[in-house]
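Positions annotated as domain 'CHY-type' by TrEMBL: 11-96. Residues annotated as domain 'CTCHY-type' in TrEMBL: 69-133. Per TrEMBL, the feature domain 'RING-type' maps to 134-177.
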Amino acid sequence: MEGSANERLDFGKMGYGCKHYRRRCQIRAPCCNEIYPCRHCHNEATVVCSVCDTEQPVAKVCTNCGVSMGEYFCEICKFYDDDTTKEQFHCNDCGICRIGGRDKFYHCKKCGSCYSNGLRDNHLCVENSMRHHCPICYEFLFDSLKDTTVMKCGHTMHCECYNEMMKRDKYCCPICSKSVIDMSRTWKRIDEEIEATVMPEDYRYKKVWILCNDCNDTTEVYFHIIGQKCNHCNSYNTRTIAPPVLPQ
């Protein structure tokens with residue numbers, strides 16, 4: 001194939017694929033060693049009954065021996081499972097099957113995913129917040145089997161990753177740097193430390209500009225080695241920035 005390296009990168013773009021994805025590769029399924037355009041195409045093809053080994057079109061009941069191949073069966077996802085204690089249900093808005101019981105979840109249109117009923121009108125919506133990777137382990141959250149949590153800022157991550165982050169005394173969102181828990185007691189303790197720590201004469205009246213990660217306010221404050229306090233929301237979750245450029 002002739003052309004530059006950049007031209008070769010785009011060769012055939014949007015010209016290959018299937019009804020699910022447009023892409024220029026296929027997968028070999030490890031279960032049958034056959035090649036398919038994607039995993040969904042593979043799942044739509046055929047199934048093999050584990051009881052009588054009959055290969056057949058996708059359906060709930062085996063055409064040969066008559067057993068139900070899954071107590072729970074989703075014709076849309078081509079998904080089977082005998083363990084109904086998981087309380088599986090299909091969410092049309094998500095387009096996939098989920099577990100936990102349909103009556104215990106609702107679909108948040110803006111966040112683009114199912115959340116527990118306890119989060120209804122009780123979380124900050126971030127558009128398509130679940131269609132991202134966990135900022136700690138980088139597993140895709142939307143179809144993850146692990147429990148997820150919504151932080152105060154609206155961003156999401158695995159519950160186990162969140163708990164591990166707390167154990168390591170990390171209290172800021174890895175995505176937006178906002179505080180994820182009430183830090184008022186910590187800010188008060190820092191107030192006391194600053195009051196007890198006098199800065200050297202050379203730095204006592206030094207000022208710096210800061211950006212508050214919690215309220216996004218920018219302000220000029222006195223520099224202190226322990227931390228800089230936001231004058232707007234009293235948070236110490238701040239960082240120094242370059243002074244604003246005044247118009248000429």
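Please read every residue number as a count from 1 along the shown chain.
Heads up, the Cβ atoms here are built off N, Cα and C, so glycines get one too.
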When the domain 'CTCHY-type' (69-133) is classified with DSSP, how many of its residues are helical, how many are strand and how many are coil?
9 helix, 21 strand, 35 coil
Counting each residue once, how many in the domain 'RING-type' (134-177) are helix, strand and coil under DSSP?
9 helix, 8 strand, 27 coil
